[in-house]
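Q: Structure provided below as structure tokens; questions to follow.
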Amino acid sequence: MEFWGVEVKNGKPLHLDPGLDRLVHISQVALGESKNNVTEPIQLYVTVGSDKLLIGTLSHEKFPQLSTEIVLERNFALSHTWKNGSVFFSGYKVDASDPEPEDLIDDQLEAAGFKAAPKSAAKQVNFQLPNEDVKAKQDDDADGSEEDSSDDDDSENSGDEEEEKVTAESDSEEDDSSDDEEDDSSEEETPKKPEEPKKRSAEPNSSKNPASNKKAKFVTPQKTDSKKPHVHVATPHPSKQAGKNSGGGSTGETSKQQQTPKSAGAFGCKSCTRTFTSEMGLQSHTKAKHSAAA
């Protein structure tokens, strides 16, 4: 490596050739002295082949010099726009075939009075395990991969079992819902008409309460025991019933209580107004109610 520097005068581009297997490194550009106070900006150019590139802009007041990092390996030309002075380009040349140009640069800098940056003292350490340790580590890795694969298989199997369980539960729920629907449909069926009671049973309130007849459709009548005494209440004649309804509710009810059908053969109590259908019932009533009073 050798120092390199040129002066580029005004109005003329400077053509340069790095040479065979040589590189030119431009590191600094500075303006020359000026007799007149120049305030205009000065532009710097480098031309390589047919390409003209702007390096930078200098000014005597603000930027009289410029640091660059330009490396050229073939013919080039330097130029500027200053009409009253010269511009100086400096750097160094390097042999392109040199295997270690950095060492040459450091030596040149030290010779020029610059201290090169110290190289890092840290060395790369290659951590290499012994063969036995490497083999053991590979075995451990293989075992770990097998365990991971077995865990994955177990998780997949458990996932399949859970899916089957869920489908079974959904099927059972559907069966239960279908059974419930069948039960509801059976309950909604029209109930069978109950058998008509025997003629012997009394129906005194059939004309008074028509609503009771509707309820009788849903209730199975109980069979009457012929052995037990039965209280028979006479049903009034329709013509009499109509007269009672037109005459008033309270008068009709009083007349019903006072009427005793004699044609039915009822036995009446002499001490009170109660009637019975059999003599046995009358005797039981007399013993229970009136014998104690006598």
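Backbone N, Cα and C define each Cβ position, glycine as well.
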Q: Given 2-5, 6-9, 54-57, 102-105, which one carries Swiss-Prot's region 'Required to repress transcription' label?
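A: From Swiss-Prot, the annotated region 'Required to repress transcription' range turns out to be 2-5.
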Q: Among 27-50, 267-290, find the range that Swiss-Prot records as zinc finger.
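A: Here Swiss-Prot associates zinc finger with the stretch 267-290.
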Q: I'd like the Cβ neighbour count for MET1 (N-acetylmethionine), meaning other Cβ atoms within 10 Å of its Cβ, all protein chains included.
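A: That number is 19.
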Q: Determine how many residues of the zinc finger (267-290) DSSP places in helix, in strand and in coil.
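A: In the zinc finger (267-290), the DSSP-based counts are 12 helix, 4 strand, 8 coil.
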